[in-house]
Each structure stands twice: as structure tokens, then as C-alpha cells.
Amino acid sequence: MPTSHIEKKGAKAKGKSALQKAARLASTQRSHFQKTASTHVTYLWPAATDLHVSCNTEDSQIGVAAAAAAAMAIRNFWSMAAAAVGFRLVLVLFGGDLHLASRPEVSTPLTSIRRLAEGYWLKQASMSPYSGSMYHGSPLLLSVLGPLTNKRSVGHDHIYCSLIFVAVDFIAAMLIRATGRRLQIARNRRLKSLELTEAVSNSVNVSAGDIASLIYLWNPWAIVTCVGSCTSPIENLMVVIMIYGACSRLAPLAAFGYVMATHLSLYPAILIVPIILLLGYGPDAPPTKVFRIKRSSASKTGVSDNDKSSRSRDVQQFLWKPVFHFILWMLFWTFYVLLLSSIVLNKVGGLQEMFKKTYGFILTVKDLSPNIGVLWYFFAEVFDFFRSFFLIVFNMNIVFMVLPLAIRLKHRPCFLAFIYTAIVAILKSYPSVGDSALYLGLLGLFANELAEMQFTFFLFFGYIGVSLLSPVMHNLWIWRGTGNANFYFATGLAYTCLQTVLVVESVSSMIKHDRKLRLLVTA
């Protein structure tokens, strides 16, 4: 936007009262809504406009922001969501055995339903489910999914587990949508307090929650993970529950999701940083410096006290009470999960063996079977003398990135959770496409902020290319014998590079977006 145009708008806004600003903002939002939304919800805007003009309180701002978020909803969302669920059911019920559970891109030693069935059989035989080197998952999954592995249908080995995963995927998508709605409401309210609603809406303003939910439901990787009867959908659901609970400041729900996600897979433990920031600061917002600049400029131009108090409320202030509640609930859920695990493993093992066979198995990378990552190839080639050193290096890589990103993106904790999830998918010891399905769904929550992200065309077709080449290279290596391990490792290396580019470009685009908001406020 030209600088002269911004200065004219700023001068015009300074000369009018707060009541005229609110009326102009309401009319602008109503015209934008009429262009982008269906006509069957237009009756919301007159009431929202009257409410906004009559009073300038925080409740009215939240009401108008909620109406704006509802107005931007995708018209055919429910039909597209139902189609995605129906497509999964068709593949599960009538697709036959697609052999997805044996694909290294889909199933890992931690998420394989076949290994879970083996562990359940050992438990039923009064043996430890961790005997040998087959099962390395949670003992709670043995009690929930184990009995279903014995019930098989013609043409599909684990049809009942797949049906449960279809429901789990749908619940996760709905929670992602609810999280997007809360982020959208907070975003609209913050932009209104900065008087940037019109400038930002002219560029892009879509329902990020609906987009993120549909991306997750229609992601081919999420579909094959669900149909392939892997436990990745349950792990993804726990991460989504944790983020949704933190965005809603529901400490018990956030603590439950965090404890369960960490129990099922060790890596979500680093998400405690964005969860605490979400509970303390609330949903994502522009940097605090932007609000300070706006408040200082407002004090120079003699803005009314109501506007000043409204802007001061929008400045992020850390609240310790929900964080304290989260810690208490986290301790409670940890004790409860360990108690249930000890009950399940009674007389067939213990918690010490569980930790060794789950967390220890994750950190030591003992299983070198091929997967979509790169660690299996690296540790197959490295000398045993250097193995311990490189185990520390690769495991600490994730930890080293936590603090710098938290300092730079502390005002956007939900986006920070997305970045951490993507980094885990890159560097974890046993990755799968289910991990990528999760962070790609969370990426849709920031469709407005990342609208100007670069290399999207390259990333989109790069992911498609890797998805097509990976099975081909695996077939040439394992079954036809016309290739070698380097063929399959090359696709994994390309996949890791694509994810790295996505993370770097996402962070860069978000920083550019915050810088753009600061320039608009300064101008």
C-alpha cells in the first residue's frame, strides 16, 4: 500500500471521534462480508454493527470478531468434511487389504498395529508384551486396541481398528477447526484495536479453521495412515487436544493432551513451551511493540480514554494462574497414566521395562528398518565407536532449537507449536507420513498470515513427487532387486529437505507479516 495513502487514512482517522471510527469499521466489514460469504447469514451484521457502534467494550469487540469469523466460514464445509469421512469408510470397508500397514512410509516400529497385536498376544499368554523386540508402544493401547486386533474381517485384518481411527481423525479435524475459530476471533479483535482491519482484509481474510480442518481431512497421508491401521491418528489427536485446550485456556484438557501425547511418543514433551505461552499470554497476536507504538501515537493525538483502555487490554500480559493449574493437572494426569500402566503390566512386566522399551527404544534408535527419515541409513553406516556421540547430537538437535524459536515467536505460541511439531517430524528417530499430516493441518491455521509465503509451488509438487517416488524406489530395492538402499534413502533425504524449506519459509513469512503490521501502525 503506498505511504501517501496510509498517511491520508491516518490523518482522516485522527480527525474523527471513536464513534465514527466504529461505524466506518462496521460498514467496511459488512461490505467485505457481502463479497465473500453466503447470503443466509447476512442478518448477523446489522445486529453486530449496532452493538459495536452503541458501545466500545471488550465484549462487543469479541462479539463482532466472532460474527466476522462465522461470516468467513467456507460455505460447503460440512459436505466436504462428510465426503472425506465417507471416502475413508469406503476404503476401509470395500477397499480390501491395501497392504498399507506394511509400508515403511506409513507404519513404524512404534505405530505398527501388527506389532501391537503381537504385544497383545504375548500379554494374553502371561508374558511381558515387551519380550523380544516387537512391541514398543504404550501399554494403554494394548488394553484399548488389543482386543480389536483379534476380530478380523475377510479382506481386512484390522477393520475395527481402522474404523476407530476414522472417528479419531474426524474428532481431530473438528478440534483443529475450533482452534482456528479461536485464533481468528483473537486476530480480528487485535487488528481492530490497531485499526488495521480494513488494510489487512483487503489482502486476505479467510476462515483459517475451516481450511486447516479440510487440509487435515483430505490430506492423502492422513488418509493412508488411517486406512493403514497405524496408531499415528491417536498421537495426532492428543497433540491437537493439547493445543486446543491451551488456546481455550482449559488447563485440565491441555494437561491431559500433553501427558498422553508425551506418553505415546516422547517428542511432544518439547511442546510444553508453547503450551505455557498459550495459557499465559493467550492466542497468537502481533508483537507487543506494535501495540506500544499505537498507544504512544494515540497519546500524542489525544485519543479518548476508552480507546486507550481497549488497546491496553489487547497488549499481551502473562497470567500465571492458568499455568499453575496446568502444572497441577499435569502432575495428576501423569500419576494417573503411570498408575494405569502399572495395572496393565501387573505380573507381566513393570514400569522400568516399559520406559526402557519405549523411551529408550526411541532415543537409542535400535531398529534400523527403512523409513521415510534419514537416521536409519546414517546409523547403519556409522561406526559403532561413534554411535553414542551421534545419538547425543541428533537427539540434542531438537532441544537446541526450542529456546531460540521461543524467544523470537513468544507472541505467537500456536504458530510456535506448529514449528515444533514440524521439527519433530523432521528429526525424530522413527518418522512417518502421519507426522507430516499433523503439521500440514496445523499449517492451515495460519493461512492469513502466511499468504505471501514463497516456494509454495515448489513445496507442493515436491511433496507429491516424494509421495510417488518413495514406493517406487522401495519396490526397486526390496522386491525387484534392481536398486539399492541409496535409491530409497534419496527420497527420504529429499523429503527431509522439503520439510526444512517449509519450516524456514514459514518462520520467515510470519516474521515478515509482523514487520508489515509494525510498518502499517508506524505509518
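Cβ coordinates are placed from backbone N, Cα and C, and glycine is handled just like the others.
As recorded in TrEMBL:
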TRANSMEM  77-96  transmembrane segment
TRANSMEM  157-178  transmembrane segment
TRANSMEM  199-218  transmembrane segment
TRANSMEM  238-259  transmembrane segment
TRANSMEM  266-282  transmembrane segment
TRANSMEM  326-346  transmembrane segment
TRANSMEM  358-379  transmembrane segment
TRANSMEM  385-407  transmembrane segment
TRANSMEM  414-430  transmembrane segment
TRANSMEM  458-479  transmembrane segment
TRANSMEM  485-508  transmembrane segment
Other parts of the chain folded back onto the transmembrane segment (485-508), taken as Cβ under 8 Å at six or more residues beyond its ends: 370-374, 377, 380, 405, 408-409, 415, 418-419, 422-423, 425-426, 436, 443, 446, 450, 453-455, 458-459, 462-463, 465-466, 469-470, 473-474, 476-477
Recorded stretches the transmembrane segment (385-407) and the transmembrane segment (266-282) touching, at least 3 CB pairs under 8 Å: yes
Contact set, same chain, for the transmembrane segment (326-346): CB under 8 Å, 6 or more residues outside the stretch: 128-129, 138-140, 142-143, 246, 251-252, 254-256, 258-260, 263, 275-276, 279, 353-354
Per Cβ pairs under 8 Å, the stretch of 77-96, 157-178, 266-282, 358-379 packing most closely against the transmembrane segment (414-430): 266-282
Within-chain partners of the transmembrane segment (266-282) [C-beta distance under 8 Å, separation at least 6 from its ends]: 186, 235, 238-239, 242-243, 246-247, 249, 251, 254, 258, 316-320, 322-323, 326, 358-359, 362-363, 398-399, 402, 406, 410-411, 413-414, 416-417, 420-421, 424, 428
